[in-house]
Amino acid sequence: MEALKQKIREQGLVLSDQVLKVDAFLNHQIDPRLMQQIGHEFAERFAGLGITKIVTIEASGIAPAVMAGLELGVPVIFARKYQSLTLKDNLYISSVFSFTKQTESTLAISAKHLGADDHVLMIDDFLANGHAARALIDLIGQSGASIAGIGVVIEKSFQRGRAELDAQGYRVESLARIASLDDGQVRFLD
Ligand code: G4P
Ligand code: NA
Ligand code: NA
């Protein structure tokens, strides 16, 4: 998606050869027009698949997921993050380890909002090592829902998440694919 790549070139900050900071339009300040275009692009790529729900993770997945939900005309669920959980009634739960933050957290979705009749589009802001995606797949699996595909705003293709999801047979659509962040430069895959 050219508008997104352009934004990354203009406003992305390469923090290291592993981390791209996009606080100017995605992770802190949000560019609503760009998010709208992102939602439109996801809706086009996943049109006609019978998607009934979008599932993402708080916080940064919510903006692109809501825009896609608006375009596809389906509700958006965000998995909530907890440090620990005492009350687990009627919740699907899974734990996820964040490499960037070096913390483990628990993700939860209420059983009220997702069930075996649902066909889900997963959306997230970043795909790196795929830990968050794996936890979401686990949660959705607990509900009995099926997965239509996975939409990613920014994929770091040099980390293992994309290859693993491909190997598992998921349809992954990433709007910007980054081949490397070496020497302070963003290099896109195509
Ligand atoms: P993984 O889920 O793909 O394995 O990635 P990892 O554990 O490394 O990611 C943990 C958090 O960092 C996630 O956000 C993920 O979206 C984000 N992340 C991963 N790589 C980058 C990067 O290069 N740049 C930025 N800006 N974020 C990255 P989160 O903890 O869920 O945070 P939130 O922003 O949604 O609150
Ligand atoms: Na994030
Ligand atoms: Na995220």
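Numbering starts at 1 and runs along the chain as displayed.
Every residue gets a Cβ built from N, Cα and C, even glycine.
Annotated xanthine binding site per TrEMBL: Leu20, Asn27, Lys156, in sequence order. Per TrEMBL, 5-phospho-alpha-D-ribose 1-diphosphate binding site is recorded for Ala128, Asn129, Gly130, His131, Ala132. Taken from TrEMBL, the feature domain 'Phosphoribosyltransferase' covers 42-160.
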Nearest to Lys156 (xanthine binding site) by Cα distance: which of the binding-site residues Ala128, Gly130, His131, Ala132 is it? Ala128
Among His131, Lys156, all listed as binding-site residues, which has the most CB atoms within 10 Å of its CB? Lys156
For Ala132 (5-phospho-alpha-D-ribose 1-diphosphate binding site), what is the tally of other C-beta atoms lying within 10 angstroms of its C-beta? 24
What's the longest C-alpha separation between any two of Leu20, Asn27, Lys156, the listed xanthine-binding residues, in angstrom? 16
Checked against DSSP, the composition of the domain 'Phosphoribosyltransferase' (42-160) is 28 helix, 48 strand, 43 coil
Which chain-mates of Gly130 (5-phospho-alpha-D-ribose 1-diphosphate binding site) that are at least 6 residues away have a CB under 8 A from its CB, listed by sequence? Gln159, Arg160, Gly161, Arg162, Glu164, Leu165
Additional residues surrounding 5-phospho-alpha-D-ribose 1-diphosphate, by Cβ distance to the Ala128, Asn129, Gly130, His131, Ala132 centre under 8 Å: Phe99, Leu127, Ala133, Arg134, Gln159, Arg160, Gly161
Stretch-averaged pLDDT - the domain 'Phosphoribosyltransferase' (42-160): 95
Who sits close to Asn129 (5-phospho-alpha-D-ribose 1-diphosphate binding site): which same-chain residues at least 6 apart have their Cβ under 8 Å from its Cβ? Phe99, Gln159, Arg160, Gly161
